[in-house]
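K.L.:
According to TrEMBL, the protein carries these features:
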DOMAIN    2-221  domain 'Orotidine 5'-phosphate decarboxylase'
BINDING   8, 30, 57-66, 116, 176, 185, 205-206  substrate binding site
ACT_SITE  57  active site, for OMPdecase activity
ACT_SITE  59  active site, proton donor
ACT_SITE  59  active site, for OMPdecase activity
ACT_SITE  62  active site, for OMPdecase activity
Ligand code: C5P
């Protein structure tokens with residue numbers, strides 16, 4: 001299991017300071033919408049130059065051709081992992097994978113199943129079915145489209161692997177390693193749970209960057225996932 005630290009702080013300087021502190025550790029960094037919209041390709045490249053594996057978390061969702069165009073640009077940045085919404089459909093995912101297959105090196109591509117901030121009720125209101133049934137279907141067509149795995153809550157990780165196989169990657173946000181506030185997340189879990197549910201990557205943001213000592217918090221998490 002790998003730790004992916006979310007660089008979701010308010011300013012570029014704060015994000016870079018945290019990256020500097022964590023430099024040299026066997027972790028990934030996640031660049032999200034705010035940071036990417038503000039700090040752009042340059043910021044991503046500086047993280048790559050620091051030696052980090054980078055997950056560009058833009059959760060792309062559009063018509064197939066537009067998604068393929070966008071994913072190609074993401075891949076050209078040299079990031080190691082990107083994502084798109086499973087609810088954009090199988091055609092869009094196939095278009096993306098077909099486009100990326102023309103490149104010399106392609107990032108890992110994950111689909112986003114159900115956001116970890118959704119409760120089952122809120123999810124059903126939008127998708128008309130339970131999270132479990134929807135995620136099961138999404139896992140099947142994500143795998144059929146040739147993607148590498150899915151972003152999901154810890155609670156769906158083992159089920160996704162049952163459906164799509166052990167090598168199909170699961171990346172799980174909503175991790176609260178120190179059992180503190182869940183913030184705006186609903187389906188949260190701790191490290192033990194993430195391990196037992198076979199999560200390949202855990203994403204941790206606030207429990208690290210809001211900690212008094214983010215480096216110490218990161219070490220504690222790394223020790224916990226050993
Ligand atoms: O601060 P926290 O640990 O809750 O951050 C979780 C990160 O993972 C955020 O950057 C959020 O955008 C992202 N994420 C998520 N749920 C998903 C996909 C991504 O929380 N389903």
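Even glycines carry a Cβ here, placed using N, Cα and C.
All TrEMBL annotations are machine predictions without curation.
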K.L.:
Tally every other Cβ atom lying within 10 Å of the Cβ atom of residue 59 (active site, proton donor).
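P.N.:
Taking all protein chains shown, residue 59 (active site, proton donor) has 16 Cβ neighbours within 10 Å.
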K.L.:
According to DSSP, does residue 116 (substrate binding site) sit in a helix, a strand, or coil?
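P.N.:
Note: residue 116 (substrate binding site) is coil by DSSP, not helix or strand.
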K.L.:
Would you mind checking how many other C-beta atoms are within 10 angstroms of the C-beta on residue 8 (substrate binding site)?
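P.N.:
Within a 10 Å radius of the Cβ of residue 8 (substrate binding site) lie 20 other Cβ atoms.
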K.L.:
Based on a Cβ-to-ligand 1 distance below 6 Å, what subset of the binding-site residues 58, 116, 205 would you report?
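P.N.:
116, 205, in sequence order.
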K.L.:
Using a Cβ-Cβ cut-off under 8 angstroms and a sequence gap of six or more, which residues of the chain neighbour residue 61 (substrate binding site)?
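P.N.:
Result: 67, 84, 85, 87, 88.
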K.L.:
Can you tell me which of the binding-site residues 8, 116, 205 is spatially closest to residue 62 (active site, for OMPdecase activity)? Compare CA atoms only.
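P.N.:
Of all the candidates listed, 116 is nearest in space.
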K.L.:
Can you give me the same-chain residues 6 or more apart in sequence from residue 64 (substrate binding site) with a CB-CB distance under 8 Å?
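P.N.:
Within the chain, residue 64 (substrate binding site) has Cβ neighbours under 8 Å at 88, 89, 91, 92, 94, 95, 96.
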K.L.:
For residue 57 (active site, for OMPdecase activity), just count the other CB atoms lying within 10 A of its CB, please.
P.N.:
26
K.L.:
Would you report the average pLDDT that the model assigns to the domain 'Orotidine 5'-phosphate decarboxylase' (2-221)?
P.N.:
95
K.L.:
Is it possible to get the count of other C-beta atoms within 10 angstroms of the C-beta of residue 116 (substrate binding site)?
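P.N.:
Counting Cβ neighbours of residue 116 (substrate binding site) within 10 Å gives 24.
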K.L.:
Secondary structure at residue 62 (active site, for OMPdecase activity) (DSSP, helix/strand/coil)?
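P.N.:
For residue 62 (active site, for OMPdecase activity) - judged by DSSP and reduced to three states - the answer is coil.
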K.L.:
Within 10 Å of the Cβ of residue 58 (substrate binding site), how many other Cβ atoms can you find? Include all protein chains, please.
P.N.:
17
